[in-house]
Amino acid sequence: MIPENTGPAAVIVLAAGAGTRMKSRTPKILHEIGGRSMVGHALLAARSIEPRQLAIVVRHERDLVAGHVAELDPSAAIVDQDEVPGTGRAVEVALQALDAKEELTGTVVVTYGDVPLLSGGLLAELVATHEREANAVTVLTAVLDDATGYGRILRGEDGTVTGIREHKDSTDEERLIREVNSGIYAFDAAVLREALGKVTTDNAQGEKYLTDVLGLAREAGGRVAAVVTADRWQVEGANDRVQLAALGAELNRRTVEAWMRAGVTVVDPSTTWIDSSVTLDEDVRLLPNTQLHGSTSVARDAVVGPDTTLTDVEVGEGATVIRTHGSGSVIGPRAAVGPFTYLRPGTVLGEKGKIGAFYETKNVTIGRGSKLSHLGYAGDAEIGEDTNIGCGNITANYDGEKKHRTVIGSGVRTGSNTVFVAPVTVGDGAYSGAGAVIRKDVPAGALALSIAAQRNTEGWVPANRPGSRSAELAQAAINNSSSTPASTEEGK
């Protein structure tokens, strides 16, 4: 059971690292999993425990990180780490910045911008334990099958934490310890402030270590304890793209499982990817190789997939979306899309409407019950209700300099391969013939035709393409036709 939220004095998120192992021009903490940056996940977890103040410490690619954080959480304090290296110094500059507003009293939580699976529930448990036990420091730890490379948690006979030993400094006996330091802490603000003033850079790395605060707190008579989580993923960080992919896969597994438990059918969880920001109703059905991103929402009884990717798409109740790539679009209730359909931003398909195979749409509103069944393009257009757009229709919306709009009314029927040269309006109930090129407005109820009568020039191919296979076959057919005797009564 998750303890009641206690609202700490502050949360400090450390995000100043360079992340060189990512081998990327993008700052490490801006890399995404589940449709959200790692630091975005960290900020959400921090905000969920309702701290009175929130600070994030930045340094590497400072402007990029600060700008991103400001978009996600405008009220978060952005603090620059100075030239003194180390996690202890990062926390110290953040504490000084927060104290400048109002001296902190109570609990200060320290976490990281590259630990994306850390939940608000686990942070709340850390804070509740820290305050209930009146600890000076409470460290979040995890038990790993393979603790290689991690700092080991040292405990006294009474179970209290006596220290943290880095792997490289551990004895063979200490390396058998499976409980490791996550680097996530709850501190008493006064203890933290005093201890940081005593932490030095007198070590091999020349850094101010936050872990030194634990020993200083114990020396001052404070109690140091731990909250142990069996869920190692919540304290795993991503230092390279291999770890990032592993965290992304685990987050997606949890997300998919949570939706299934909430009433969503996922036929193949291993090939289904759902961003953290997606919303799904009960009785949604997701078929294999489906990806849902951004603010996508899917209403009850809708079927999405297989082989479908939707980003920021609203899918209405009972709709079907098959083998479709869509973004920034709305699919109405009981509408049908696909297969092999490309919905570009601004597409709005009305209730019971249809956009079929090999269709591309952009900035188009399609009314209730209207159908664009196959092989065409509709862009910068408005189509009314109960209209049928024939195969191969195109709205020619671009004149080389500007885009223009096509308006097609309700109850319209268009022939195959009709081209609408925008700007143009087609009135309600109008028809167009196959192959029509509509350059002028069509009145309501009119039939629009734009092609001349068919004319056949006999013998053109043999005369103009001599020596070609077509000419040979044509000449043979002509000769055969001319040599066939006319029917007579005797021949019957």
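One is the number of the first residue shown, and numbering goes on along the chain from there.
Just so it is clear, glycine is given a Cβ too, placed from its N, Cα and C backbone atoms.
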Handout entry: Binding-site annotation, Swiss-Prot, acetyl-CoA: partner of ASN397, TYR398, SER416 in ALA430, ALA434
Key = ALA434
Practice task
Just jot down the residues in the same chain as ASN239 (Mg(2+) binding site), at least 6 apart in sequence, with C-beta under 8 A of its C-beta; none if empty.
Solution key: GLY19, ARG21, MET22, LYS28, ASP114
Practice task
With an 8 Å cut-off on Cβ-Cβ distance and a minimum sequence separation of at least 6, pull the same-chain contacts of GLY17 (UDP-N-acetyl-alpha-D-glucosamine binding site), or say none.
Solution key: LYS28, ILE29, ARG59, HIS60, ASP114
Fill in the blank from the handout: Counting only residues at least 6 beyond its ends, the same-chain positions whose CB falls under 8 A of a CB in the region 'Linker' (242-262) are 22, 31, 33-34, 116-117, 233, 236, 269, 272-276, 280, 282
Handout entry: Pairwise Cα distance for ASN388 (UDP-N-acetyl-alpha-D-glucosamine binding site)/SER416 (acetyl-CoA binding site) [Å, integer]
Key = 11
Fill in the blank from the handout: For the region 'Linker' (242-262), the DSSP residue counts stand at 20 helix, 0 strand, 1 coil
Fill in the blank from the handout: Ordered by sequence, the long-range same-chain Cβ contacts of TYR398 (acetyl-CoA binding site) under 8 Å (at least 6 apart) are HIS404
